[in-house]
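Participant: What follows is a structure written as structure tokens; I'll ask about it next.
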Amino acid sequence: MALMSNKTAIESILGNFEKKHVDAIYNAAAQTILSHSEFRNKHFAYSLNSYQKKIASKVGIELYPNGYLPHSHPLSKIFENHLLFDVLPGVVNTSRLVMCSIKESKVLVFKGIRDKSRRQVSDLNALNSLNNSHTSFINRLVASKDVSRYTEEADAFFQSKKGSPELFSRNFIKSLENKEAVFFHDEVHHWTKAQMFSFLKSTKVKRFIFTVVYPPEILKKFANSQNPKVYDFKVDKGRLFFFPDGVKTEAYEQKLNMEWLFSASHLRSGDCVWTVTRHKSIYAHHLFEISIGELVTDSKLFFSDYNSIDMSKIFLDRFRSYEVFPISIEHLYKVYSYLLCLKKPDLESGLAKLRQIIGDDVEIKEFLFFEQFCKRLIERQTSWGLFGHSFFEKLTDMALSSLPNSIARIFPQWKKKNTFEFLFSLGTLVVDVERKVCFEHVLEEWGFEVVITDENAYLDPLSIFAINENFNEDRVDDGYLERIRLPFWNLNDYDLKRKRVNAYNILSYRFEEERKIESAQKGPNKMLQIEWYGIKEFKVDPFISNSITEFTLLEALLGKRIDPKKYSYSKQACTLSNYLTFLCAEGLDGFNLEEHLERRLKAAGHDVSDDEEEELTSAEQAGPIKILADPLGFMKECLEEIPIETEPSLEERGQFSTDYHSEKFEINYNDIFNPHNCMNTHGDEIPTPSDGNCFFSAFTETFEVERPDTLRSDFSDWLMEFNGGSYASLAEMIRPNGVFMEAELIYLFCVFRGVTLIIHDRTHEKENVYAVHRGFEEGHMVHRGNHFVGIETYNISTLTSDPLLGDIPCGFSEEITKFHFRPDHFNCAQFRGRKAAFITKVDADYGHNGMVYPHNSWVPSLEEIIQICGQGDDFNCALINFYEANSSLGFHRDNERVYNDDPILTVCTFGEGRFTIEFKDQVTSFLMTAGSFFLMPKGFQKKARHSVSNEMSRVSITFRKHVRRLNGSPIAIREENYKNTCLINAFSKAMKRSKQAIIAKLKTVNSPFWSRYLSEGNGGSIEDCQSACEALDVTVDLNVNGKCVVLGKGALRISMALRNNHFSVINAAQLMERTFVSHLLEKGNVNVLEGFDAMLSGDVGAAGVNKIQFAANFEFARILANSFLNMTTGICLGKALDNGEKYFLHILKDRVKQIGIDVTMVCGFAGSGKSRKLQSWLHSRKKGNFCVVSPRTNLAADWAFKLELEPNEQRKVSTFEKFIKTDKSKLDLIVIDELTLFPNGYLDLLVYELADVNRHCQIILLFDPLQARYHNKMDESILTFEHDVDRLIGGQNIEYIYSTHRMSRYFNRFFDVPCFNQADRTEEQRLWIFDDVYSIPSICSDRQEPCDVLLVESDLEKKAFSPIINVMTFGESQGLTFNHVCILLSESSAASNEFRWMVALTRARTRFSLCSTFLGGIEEFKVKRKESLITSILQGEKITFNRLNLMLKCNLIRREKENGCRDEVDREERLEGDPFLKPFIFLGQRVEKDEDEVEEVKIREPTCQTHLYITEPNFGLCYNFDFIREKEQREYREDMLVTNQFCDSYDKVHINGKRETPGPLRFKAIYPKHSADDDMTFWMAVRKRLVFREEEENYQRLSRAHLVGGLLYTNFKKKMGLEFTFDQGLLEESINAFEKKKLEKSCGTIKSHSIRSDIDWALNDVFLFMKSQLCTKYEKQFVDAKAGQTLACFQHLILVQFAPWCRYLETQIRNQLPEEIYIHSNKNFDDLNAWVKKFFQRDICVESDYEAFDASQDEYILSFEIHLMKDAHFPQKIIDAYIDLKCKLGCKLGHFSIMRFTGEFCTFLFNTLANMAFTMCRYEWRRGQPIAFAGDDMCALNNLAVCHDFDDLFELISLKAKVERTETPMFCGWRLTPYGIVKEPELVYNRFQVAIEEGKVLECLENYAIEVSYAYSLSERLYEVLKSERQVQYHQAVVRFIVTHIDKLKTKVRDLFLEQSSDEDI
């Protein structure tokens, strides 16, 4: 986080350059600024406030630094100068410029700028020619102020005719006539539109450039300024009064209506057209240009120089403008977000926040608005949101929207909805103006009614929302202002009725004009002046369509593309009538109207014969009259005459685009060979003969041509007549057969045919695609060298009018064919006619119809294909299909649950196939060839199905985005969202590697396992820790419940603990018994059994592991074998069809009746992780000989996915039938998963086979004995013997894992099993019970928890409810996992056994619900079930472990797994009162460090008694009488201010206080007291302790100080012997220590300081105040008034950012300091006492004190700190932020110089370091010489010699030391002696007396007793220290006082004073 500023890469590296290089870099900038300074000083040096500076800089104006020129409206003046002198010279590129309405002085400045700029880019000859610049100026008198502005020459152009409508005199027009460029300054806003046209037509200037002043918000009907600090205005009766900078006395009056100018893209008068260009807009100042000709210009203008909310969202009354005070959007967002952050928001907090934001810019209207806004927000909140509505809420919303607001506002839902819509639709004000052609002959009026808002708009803003239609723009106001029956008046209006009337008025006006024309034949051509730009606004309104001449509208729509000789007016009118009737009948909107009309006209029209010419003429003459007389009848007549479906002839198609208008045709070279992005799919090239006619042959293959043999001659004939025969020469040239077609001829041919030709140029290796002409039909051909060939082209055409399927993105790229994929590259699934490989780069799986695809890792080439297609890069999975020839895939939808309705990309890399799409009842197909692709967009799968058929082999890739796994669990969880990763965190800290690096390594070893581990967020077990050890190659000593388990086998050994479900790192394992887990097996070893038993039996895997001897029964095996052969069990081992007998040869012969075998069982609760450790073990031993046998295909696929088996290793996972067929002779291990689902006798059958082929194979059985046993209707009467599981566990004690990773805490209300799933569920969430199955999907969906499956007991129920919801039987669901299941309570389930119910109750992760269809209801169901699991749940009883144990014939021994999944939330709770600090404190799991306590041996020194003399009573008062002076003499006075530091009375009464002395002689009067209300003391502190300087000077001084700072640090580092290496662990500990320290405060304290966390508190702004204190230092006794101590309060973010780094630095330095260097902190007096005893040398000591120590820590000390930080490996961004903070720091008093502040982060550390650096330079210090440091205090216990090596340095730095050499040194208020430290007894005595006066003895007794104890413990040796009688007196008095209050002491110091006998005892 950048604290003060963000730096670019170059700015960041500048700090590493040498000073000369930095100076050289900045020298260029200095020269540039110098070159600009003279000009900027004259025109941009006006004095601006900070806001105005910000505004000017934001719009890109270069200001003169520190402007000083006063001006009445400086900002507007700067805007004007910027347009004139910065922008205008770049716009005018001609020297022939005439400037008008501008002072001569400004013209001269403008000419100077232009001459200077041209001089820089011209040579000498050009320079000479510039001397003849033709820039001139002409002024005329228009306004009264012009008389004083311009010279008397302007009078010559004054229009003196009274009442003349012309604004310009003849002389003036003549002087500007035919000029190349004319510029008007700030005059055009006085003109009308008519005057603008008059000027343009009269002068005929080529370029008319002008500035205008006009507030853009008027265009959006705002009647007052939305930038009141920049400008203001007032609207009054069609006049606009503009106030620059809001200054009313400088007002300008001008015309209100300038809408015609801003909304005009072109000006048109007859055949003359001008283009309007807006060059620049700066708030209300604009620069426009009008140039001759019809050029491309902006279709819209945008004005966004606003920071207020768009109040038009509120005031939606039609046809009115409102006076609205601008409400800052920034203020609104900040107040709104602040209130949301508060747990208990209140009105006062919101308004206080607003007051803090706006500072001194208080506006009462804004306060009134926010007062009501905050009230409404607090009272009603904004519960109405975007998502999560129930069906009922949606209905309520629709009803409220349709009600009048007067009724709707009664409902509380409306008010919440209203607030939400206001906030949701809120945006910054942007004025956008739609531009169109402005006609001269169309008169304009602009409706503008101002509605002055009253106080209600601010007292109750929501009532204004109510009046203004609740933002529902579909509702129409019935009232509107008087219509102005003139065209182009507000054509696009809110009101539909008014819009129709306006449109009708325009048409009526045009028809009246048409009737005046004498020649009716010219009528339609004349009507072309209407043009499409006006007609298109009518939107084909039926109101208009019945009132307009149809063929006239058609011509206006299609422009000049209609050939009147080809299409009769009757046909045109009929075509239009038919289509308009169709539009009205269907209720369509007329989208792409002109294209549809062209297509229909093309179908209806035909060549005009000689006989028809008469009809044509008569129609031309009578048509308009007839149609106007009876338009509907004429339409009907035309409709009967000509069928609209008539297909056009060849000639009609070929000549459709012929232009017969008077305008001359010119070849548009911009329309020839334009680069084109072809999105069609192409097949093979179509060869053409190389006979010179290849173009025509290819054209014939591309387009349907009826007479291809005459194509060349028809084209030649057309050229002869086209454009008046101007292309006759080309016609003769192209007529001969074999003449090659070239560029212009190809273009003309496309014009002739009216087509668009797409040419694929494949002459070179890279294909280029070009488009020629824009016609009605598109075709493709290939150009290779000088030869044209055809090409097969396929386009996914529009299926229906449905917009979803209208245009499916598709394309083709040759690069795709370069990618080659083969089935043997991947682990494929086999289907009929195809193989498919599923590839993913996330933890995803995929399957359908009961099968699961094998897993393949992502390959980089797929990313390249995605990039080539360019259809998005959000795909994370791909399915590669390898189709065989003549294969197909039927109609289907890609709508599996693993993904949402996201786009799906299909790419064909090899071969070709036909893709068919079925939508509703329509079917369309297209061919996909190699290199083609298309995208099925979002929503496609819901509306359409698709199929594929292939005649030849083909490779297709389908890219998708998977969001969840097949079981419903989410995937693609972002790393920062991982939960319960204390195991990962522990490895990260122990190995000193980042968490990301640990995760990356784990995923490379076993991606499925660790991806699922992180996604589920259920924490880690001991087995997971072991897997991590093997993956990371480390050895972990894991401390678990007092035992130490050794995991892994690696060179690196670390110690961890698992306590309270939390993994943490410990320094070293304690001495305890260790259990070693075998690591005999290296990764990759083929012997899968080596170390396996040790893994199972060790402490890591012991939970749930049982060793049991199983007695296999031959009879049971034989029965099952016969059942397989008879196909009553299984389907693929039949005797007849499958030759199954060969697999049971070992059973057919006689065998012993029983065989005993030792098996290993792992038993555990559902989701307990029974298979997890085995999967981890086998994953690293995939080369071993093992096989996992699963009862179902989907379970087997899950094993294969987690083991990441290669294609040739798939045999290692098998279903139970396939496993019977496999060879078992080489297997070392067989894992049977979910044994309860295997048929009875399967284990017997397997044991007898192994007895023959492999006696050494080990069998592992995984099952939950509480789950249902195998059941099959076909063999239930055959396999009647007891199931293998029950025979195994019968009468045994079974270790059972009683915990679950599957189920959430929701299930703890039903079971007492520990649930490790961290889903957001609680036990309190109620059980849902539904009354019928039909309501389950809708209710669950509304509750945001859709039901995944309905579990039923019988197949009959499954069939009945399958159409409604996904249904499974209890048995089918066994082994599967869902998020939410619903269990059906019915007659069938009431008869089900407890094991099957256990299956149903344990299938869900987050919730199960119930649905009752039982006849009689829930109560009868409970009676039927009696005592059962489901009955307990219905009665609210928790199912206990003991209750489950009773279900079995064995004894389950409960074992719970330790799991690390504890997250801490106490930090968040502690920060509840400071929401702004919360984001900056780590709220996750803390690093818990256990440190071994080392008990130190304490040496007890001998104590001896001493005699203390009894002092005289009140002896202290005698001394005070001599030393205390009058208060008047001690206080400081300046002018009328005087300090108040010394008390001389008992003016303040203290509880329990005593008055033992007169007021002037009070002990409190000994010391100066600083109070916050003492202004003079504060100003003394400011003068003494603070230095102010501008930040620029601070930076300059710092840049010059680095040499001295470097010397200081180099010397310091050398003498201290410091060497730094970065320690990440120490940094994390420092961060944690800081946060813990911060949060040790109470919640109340944190909340009371929350204002310091306010995000709006500027980081470089401190709150400065004076510390209130009684200065009870020994040296402050009896002194005069002293300056106060200033404190600086910093923003909390500063502390959060820097404090941990300072802790880190302090620890690093302390660890390296020699023991003779002591830093005293944290009031640890024992350490100081021990250090003094050890190093005191009875020598002369050196003490140093500093003058203004804080203020003296200037840029040199800062440079020293920077060098230290860099050497300590601080990040550069931290150093840069620290520099910025020190240089930019300020408060309300101004900017500070670089200095230290009390209250700054780590003030003590940096003070101490500065003190040490100074001392090391000042004195000749050698190793072994003891020195104590503490902030600005220093005491050396040797007589150090002064060093003169740095004398020059000391002349530069501000630090000045006061040195004292003494034999009785003082340090931090302690006297240092050979026997330790002693506190000055006089100081303690006086403090006690002050406490007695104020009644605070008990508050300080303990601390003072501790201070005195050091002297008291010296006994008789004290007399060597206290050498004066006065000191002994004070000491005796203090000790006696403590002894008399000894019963009040609580700490161990009490024992010291009790050991001594009193005088009375002797």
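For all residues, glycine too, the Cβ spot is worked out from N, Cα and C.
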Participant: According to Swiss-Prot, His892, Asp894 bind Fe cation; so which of His855, His946 is the extra one listed there?
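Facilitator: My reading of Swiss-Prot gives His946 as the candidate in that site.
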Participant: Under 8 Å Cβ-Cβ from Gly1167 (ATP binding site), six or more apart in the same chain: what's there?
Facilitator: Thr1300, His1301, Arg1302, Met1303, Asn1317, Thr1377, Thr1402
Participant: Considering only Cβ pairs under 8 Å, which range in 874-963, 1122-1297, 1298-1445 makes the most contacts with the domain 'Peptidase C23' (978-1067)?
Facilitator: 1122-1297
Participant: For the recorded Fe cation site formed by His892, Asp894, His946, name the remaining residues of the chain with Cβ within 8 Å of the site's Cβ center, in chain order.
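Facilitator: Near the Fe cation site, beyond His892, Asp894, His946, sit Phe891, Arg893, Asn895, Gln941, Arg945, Ser947.
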Participant: If you measure from the C-alpha of Cys982 (active site), which of the recorded positions His892, His946, His1062, Gly1169, Ser1171 fall inside 10 Å?
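Facilitator: Close recorded positions: His1062.
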Participant: How many helix, strand and coil residues does the domain 'Peptidase C23' (978-1067) contain under DSSP?
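Facilitator: Per DSSP, the residues of the domain 'Peptidase C23' (978-1067) fall into 42 helix, 27 strand, 21 coil.
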Participant: Relative to the Cβ position of His1062 (active site), how many further Cβ atoms are located within 10 Å?
Facilitator: 23
Participant: Please state whether DSSP places Gly1164 (ATP binding site) in a helix, a strand or coil.
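Facilitator: Gly1164 (ATP binding site) sits in a strand per DSSP.
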Participant: Which one is closest to Ser1168 (ATP binding site) in space, judged by CA to CA distance, out of the binding-site residues His892, Asp894, His946, Arg954?
Facilitator: Asp894
Participant: With a radius of 8 angstroms around the mean position of the C-beta atoms of Gly1164, Phe1165, Ala1166, Gly1167, Ser1168, Gly1169, Lys1170, Ser1171, what other residues of the same chain does the ATP site pick up?
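Facilitator: Checked against the 8 Å cutoff, the neighbours are Gly1104, Asp1264, Ile1297, Ser1299, Thr1300, His1301, Arg1302.
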Participant: Roughly how many Å lie between the Cα atoms of Ala1166 (ATP binding site) and His1062 (active site), rounded to a whole value?
Facilitator: 23
Participant: Identify, in sequence order, the residues in the chain of Arg954 (2-oxoglutarate binding site) that are 6 or more apart from it along the sequence and have a CB within less than 8 Å of its CB; answer 'none' if there are none.
Facilitator: Asn881, Tyr883, Cys908, Phe910, Gly911, Glu912, Gly913
Participant: For the domain '(+)RNA virus helicase C-terminal' (1298-1445), how many residues does DSSP put in helix, in strand and in coil?
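Facilitator: Result for the domain '(+)RNA virus helicase C-terminal' (1298-1445), in helix, strand, coil order: 58 helix, 36 strand, 54 coil.
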Participant: How many other Cβ atoms sit within 10 Å of the Cβ of Asp894 (Fe cation binding site)?
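Facilitator: Asp894 (Fe cation binding site): 17 neighbouring Cβ atoms within 10 Å.
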Participant: Measuring Cα to Cα, how far is His1062 (active site) from Gly1169 (ATP binding site) in Å?
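Facilitator: Here the two Cα atoms lie 18 Å apart.
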Participant: Rank aside, I only need the closest one: which of the binding-site residues Gly1164, Phe1165, Ser1171 has its C-alpha nearest to that of His892 (Fe cation binding site)?
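Facilitator: So, spelling it out, the nearest of the binding-site residues is Ser1171.
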Participant: How far is it from Asp894 (Fe cation binding site) to Ser1171 (ATP binding site), counting Cα to Cα, in Å?
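Facilitator: Distance between the two Cα atoms comes out at 32 Å.
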